[in-house]
Amino acid sequence: MAVRWFYLSALTLSSLGLMCILFTVYWMQSWHGGFAWDGTIFTFNCHPVLMVAGMVVLYSAASLVYRLPQSWVGSKLPWKIVHAALHLMAFILTVLGLVAVFKYHNHANIANLYSLHSWLGITTVFLFACQWFLGFAVFLLPWASVWLRRLLKPIHVFFGASILSLAIASVISGINEKLFFSLKNATKPYSSLPGEAVFANSTGMLVVVFALLVLYILQASSWKRPEAGVVTERQLLLQLVPSQPVPVTYVPVTVGQPYELW
Ligand code: HEM
């Protein structure tokens, strides 16, 4: 993977993530009257924005921490702390997003947790909470044995990608549900594809493209921390100089301590 390609991909991904959030803010601001925290429908409007920002964009950024070449050398501990802290921030935004919708439902006497979207969403958030606490307890706190870490690592990796996929399904079903709720009058039905529908559908597609890129990078071996002792072309990235080629000495390097398994 060329250095230039790495920086281009990182820039593209950051821009896409930012666009996902901005599009959601613009949708709620322009077609639904903006934001408040008083239990009214404007409180609901915080829900999509906080969910996209927390469960999709920040969650993805936290998941991709180990794909940064800076994290490939030296101790893993600082990167584990960054990984856990970003996930915690994503979780806080997610919980606030749920508080917004429950607050609105209770204020407006709307039943809670009746739709497929809400079942999928609450399951996703529950799995995210379990994943964070288990990851923190096993991989960050020092008590766990090498055996336990080795056992749990593939499970942690599998659930990391699965939770992002479930978050995308939640976002898509949420967008769809909101459009069916809002565009049901005779003058601008969803089927006539009014401006709001075009914009919200596009926001959903943007979120899907962003998440697919994140999932690709998460599984692609060329983006992964090189195994200890294996020196490849990817070591070029460790120089972190985007434009000037600098001579490289191919010396096997020890990446991380033997007990640092992820
Ligand atoms: C990962 C992202 C998301 C998760 C985990 C999620 C989760 C939830 C949950 C658990 C509820 C039920 C609240 C209650 O019953 O009081 C809910 C409601 C709702 N959400 Fe989301 N949501 C997400 C994203 C979105 C997005 C992007 C939209 C787009 C506008 C949206 C629209 C709605 C709507 C319209 C409701 C109210 C109707 C219902 O209860 O299904 N959600 N969401």
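Each residue, glycine too, has its Cβ placed from N, Cα and C.
Copied from TrEMBL, the annotated features are:
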type	residues	note
TRANSMEM	7-28	transmembrane segment
DOMAIN	12-219	domain 'Cytochrome b561'
TRANSMEM	48-69	transmembrane segment
TRANSMEM	81-102	transmembrane segment
TRANSMEM	122-143	transmembrane segment
TRANSMEM	155-175	transmembrane segment
TRANSMEM	198-218	transmembrane segment
Surrounding residues of the transmembrane segment (155-175) on its own chain - C-beta under 8 Å, 6+ positions past either end: 47-48, 51-52, 55-56, 59-60, 63, 116-117, 120-121, 123-124, 127-128, 131, 134-135, 138-139, 200-201, 203-204, 207-208, 211, 214-215, 218-219, 262
Positions on the same chain near the transmembrane segment (198-218), where near means CB under 8 A and six or more residues out: 9, 12-13, 16-17, 19-20, 23-24, 26-27, 31, 52, 56-57, 60, 63-64, 67, 160-161, 164-165, 167-168, 171-172, 175-176, 178-179
For the transmembrane segment (81-102), distant same-chain residues with Cβ under 8 A (at least six beyond the ends): 37, 43-44, 46-51, 53-55, 58-59, 61-63, 65-66, 112, 121-122, 125, 128-129, 132, 135-136, 140
